[in-house]
Amino acid sequence: QIIEKNADPEQMLLSYLRKRLHLTGTKYACGGGGCGACTVMISTYEPTSKKIRHYSANACLLPICSLYGAAVTTVEGIGSTKTRVHPVQERLAKCHGSQCGFCTPGMVMSIYTLLRNHPEPTSEQMIAALAGNLCRCTGYRPILDACKTFCKDSVCCQRKANGKCCLDQEDYLFDKEEKVSTRLFSTDEFQPLDPTQELIFPPELMRMAENPPRTLVFHGERMTWISPVSLDELLDLKAAHPNAPLVVGNTTVGPEMKFRGIFHPIVIAPARIPDLNVVKCMDDGLTLGAACSLSLVKDILTNAISEAPEEKTKVFCAVLQQLRTLGGEQIRNVAVCCGNIISRKSTSDLNPILAASNCVLNLASRGGKRQIPLSDIFADGVDNNTITPEEILVSVHIPHSRKGEYVSAFRQAPRRENALPITNAGMRVLFEDSTDIIKDLSIFYGGAVLTTTCAKQTCWTLIGRHWNEQMLDEACKLVLKEIAVPGSSSGEKVDYKKTLIVSFFYRFFLEVLQSLKKMDPCHYLGIPMEYRSVLQDFQTKMPQSIQIYQASVGCVFLTVQDVKPSQSPQDPVGRPIMHQSGIKHATGEAVYIDDLPSVDGELFLAVVTSSRAHAKIVSIDTSEALKGPGVFDIVTAQDVPNTNEFYYSSDPEIIFARNKVICVGQIVCAVVADSDVHAKQAAAKVKIEYEVLEPVILTIEEAIKHNSFFEPKRKLEQGNVDQAFETVDDIIEGEICVGGQEHFYMETQSVLAVPKGEDKEMDVYVSTQHPATIQEMVAASLGVPANRIMCHVKRVGGAFGGKLLKAGLLASVAAVAANKTSRAVRLILSRGDDMLITGGRHPFIGKYKVGFMNDGRIRAVDAKYYINGGCTPDESVLVAEVSLLKMDNAYKIPNLRCWAYACKTNLPSNTAFRGFGFPQSALVTETWITGVADKTGLSPEKIREINMYKENEQTHFKQKLDPQNLIRCWNECMKKSAYHSRKTAVNEFNKQNYWKKKGIAIVPMKFPFGLGTRYLSQAAALVHIYTDGSVLLTHGGIEMGQGIHTKMIQVASRELNIPMSCIHFCETSTTTVPNACASAGSAGTDVNGMAVKDACQTLLKRLQPIINKNPKGTWNDWVRQ
């Protein structure tokens, strides 16, 4: 039981759990309700229905003041390694659903909440429950594998291939001679789920809920929270504070305050007012209270659809369709539909359909009550003032549909679920009785302009027209003319939105036409079969996939590739062992940087970044920031004791900008305060005056224009390219542009720097892939030897290449602050700052000229690659080099010439990212492979086969290559995937469907291992054997989700011939393994595995004389001697 007498209205549940209650299992990842890492279960008791409601919610958006009388269950509350692991936690870990583990507690709580409400959920319910959770490591397959074990319905493919159910075929989905296994875990090992053993709702909260409610007022440092209990009280408050926002789910006001800096001194929370929670079933429709959550609305509409006649529920069906993909489950559980209406955001999926359906708003104020159609709100665009600041939206009335009325809703978003739409629409048509003559028409669009907009001129013009193709042609022209997409959008996006505007109406036309055809088959023309695919709803199904492992003869379960029959059962190498930290990930006990306990006197750091891309710093005014509450100091370049710039090439990497800034997001200074909130508030008050410098270079094209490149430029050439072009049958030329990509590791950049108080020693706890670089940069910035800086990495919450050099700069910022203040300093970047300061995958332009013969043989390639490196070199030149080294992919090109340029621009420096230049160059390569196929009339896979490496030869970078495994892999994949028969089926489908298309492709890949420089492929390990037989292992590799520590323990277990349970890994540290290389380039396991193997063999060699004296002894006998 938690009693908080001084609740701060600005504090979210997430920070309260982590900082006040020290429950660090709930993670901060995005701070905006978009990733689900902070998911918790909220339970409330409803005295009127005598029911307990359990729902998932994002702790990062929930003000603690909103939780009066609620029970909050976190991942720690359902199970732990110290007590009992819950079945959800156990199965997620044992099904390999956890890699870096940072998203895992949120996944656990989403699944757990669903099971509390539905102990045997359907697969559709499970997918919906996880729609608000993101994972950057797994690709979701193993997470869904764990989920399937709880679902009551079959996950069969429903196809009965070869007349047999796929669930009955077990390991014989492929050739029996191959002895393959497809299972990675045994369900026999799982605990049963027993709903009777779950936590009960606290009886004292039930009693509290039964008592008459009272008004709640909470005063914070800057904000007051008022929660009234009656409509009259709310109207008085709104009259007194007309600009105070009403907050129920905090999904709009919260992000505005957090990300846009909008501050509200008074917030009114009306969620407990009965009038705003009303649900009335009326003769002409449903009236829903303004505080009803979207999840409740969804349940109400689903129930109404099942009970009412179909012709009355068309509006309900359309609204329900939009609700299914609006946000994630956590958002829908707290957000309210009336919040969408009042905010009038252009991206609302509900406003267009509610407006088109003639929904009515019930408003109240001290001046009285009134009703207005929702369509009036959007009549005059964004400047409409139909609702006054003093008025309250009490409820919304959703009408029944009428006979001859048809209603539909549409949306298109970057992804299907939990994403803002690019464009959406709501449409309704009413016909004259028993005709296709339009009597009334409503068309509303969202996302096209600044707010939801009505195509009223189009609608008026079309009234009286027949519903036919002539009307369709006219309607498309009219609506495009009326709905003018602002030209400020990129040209491609404007064109795309225009296409969506027309396509939505076209789909509506076909839907209505299909309904009319059903009503009167003789009178209306049928829709051609090839056009009907546009009418099919997207089916949300549990994805099906499989992994195949080579099994040993006679084995039935858990045997994998390269595990021979002769291998000892005690030898774990090559077996699918659960991640050693998997259970701790699932219980929230795994410790990341920001989970470390506070150090006495610890300070928090917030960075101040540049708002200009290229400018001279005229002045920095910190006076207002220093006056802020809890502010301890401000750190600038002047406070760096030694090195502020690191020269790894001719251009430096910079800790603090000194005289000028070279990109938006460059760190200028930092504020140190007693809390992260105070530090961020003060950082916002630092005023920097700039003098803009020219040129400002942002794009690759601008860098080429200004000849702005990092040196050296890279070039590779083999054969005689110019001569080859003269002898080929045909030539194609082209250019392809690839955009950048954010790493979006779930754990943001994090550092804790702790001065040790003597000899200038400092412990640096950091989320990084390269502790040695952190040590080097921190030591250089402080002017101390590297042996005074101890860098510690327990685990990293995802990295993907993004936690190398930038992590060193941020660690230096924290270390300089710690050095200046002589206090521990914690720097945890917000998601916004992380994305602003750090770079990602390089934007890329590839220009190519390809010469080939008519039979498909490619004889010559001439290419130029440009990558946007940003403002400092970072890893850009090396990325450019790798793009050249891997440009051939799997193909032998006899005559090849390619240049690679790393462009110097005024963007944050782009850096390493999974693939390291290969994805971009391979895309260019596969583009011209497809281009050659188009020109020759051959299939792309035939062109790939013709040009693939076929015999022992050298690559264009002089490496010997035996391509036998490449050829074998290609042939086996072609055979096992039944590629040709599938392609035939795809082509047949495409012939029969004009609008919906399928595609299939198969692409080989050659991935040269390593980074070219030998010292980047070295590693070390340290193994301690204690006299009780236990072993402590450490090495230079970093655990960031790839399971390297688990693999190293497997290696040590094999080499020492002892169980894995005897071996423990503590942390990666520069104190145990110095000068280690970065864990990057997919090389960590290989190089560190050999180091562990070597260390274990060295120890065994030392033990050998003792073993020889007592050959029948045990491991413990030997080590005791």
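Just so it is clear, glycine is given a Cβ too, placed from its N, Cα and C backbone atoms.
Note that this is a predicted model, so its numbers are computed, not measured.
Here is what TrEMBL records for this protein:
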DOMAIN    1-78  domain '2Fe-2S ferredoxin-type'
BINDING   CYS30, CYS35, CYS38, CYS60  [2Fe-2S] cluster 1 binding site
BINDING   CYS100, CYS103, CYS135, CYS137  [2Fe-2S] cluster 2 binding site
DOMAIN    218-403  domain 'FAD-binding PCMH-type'
BINDING   LEU246, VAL247, VAL248, GLY249, ASN250, THR251, THR252, VAL253, ASP349, LEU393, ARG411  FAD binding site
BINDING   GLN769, PHE800, ARG914, GLY1081  Mo-molybdopterin binding site
BINDING   PHE916  substrate binding site
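Cα separation, ARG914 (Mo-molybdopterin binding site) to CYS100 ([2Fe-2S] cluster 2 binding site), rounded: 15 Å. The Cβ centroid of CYS30, CYS35, CYS38, CYS60 marks the [2Fe-2S] cluster 1 site; residues of that chain outside this set whose Cβ lies within 8 Å of it are LEU14, LYS27, TYR28, ALA29, GLY31, GLY32, GLY33, GLY34, GLY36, ALA37, ASN58, ALA59, GLY106, ARG831, given in sequence order. According to its DSSP assignment, ARG411 (FAD binding site) is in a strand. Sequence-distant neighbours of VAL248 (FAD binding site): residues of the same chain at least 6 apart with a C-beta under 8 Å from its C-beta are ALA269, PRO270, ALA271, ALA290, ALA291, SER293, VAL334, ALA335, VAL336, GLY339. Per-residue pLDDT, averaged over the domain 'FAD-binding PCMH-type' (218-403), rounds to 93. With helix defined as DSSP H, G or I and strand as E or B, the domain '2Fe-2S ferredoxin-type' (1-78) counts 16 helix, 21 strand, 41 coil.
Listed in chain order, the residues near the Mo-molybdopterin site other than GLN769, PHE800, ARG914, GLY1081 are ALA799, GLY801, GLY802, ALA912, PHE913, PHE916, SER1079, ALA1080, SER1082, each with its Cβ within 8 Å of the site Cβ centroid.
Residue pair CYS60 ([2Fe-2S] cluster 1 binding site) / CYS100 ([2Fe-2S] cluster 2 binding site) shows a Cα separation of 21 Å. One way to see the shell of the [2Fe-2S] cluster 2 site is to take the Cβ centroid of CYS100, CYS103, CYS135, CYS137; the remaining same-chain residues with a Cβ within 8 Å of it are SER98, GLN99, GLY101, PHE102, THR104, ARG136, THR138, MET746, GLY797, GLY798, GLY1041. Among the binding-site residues CYS135, CYS137, THR252, ARG411, the ones whose Cα sits within 10 Å of the Cα of PHE800 (Mo-molybdopterin binding site) are CYS137, in sequence order.
The candidate set comprises the binding-site residues CYS103, LEU246. Of these, CYS103 has the most other Cβ atoms within 10 Å. Under DSSP, ASN250 (FAD binding site) is assigned to coil, being neither helix nor strand in the three-state scheme.
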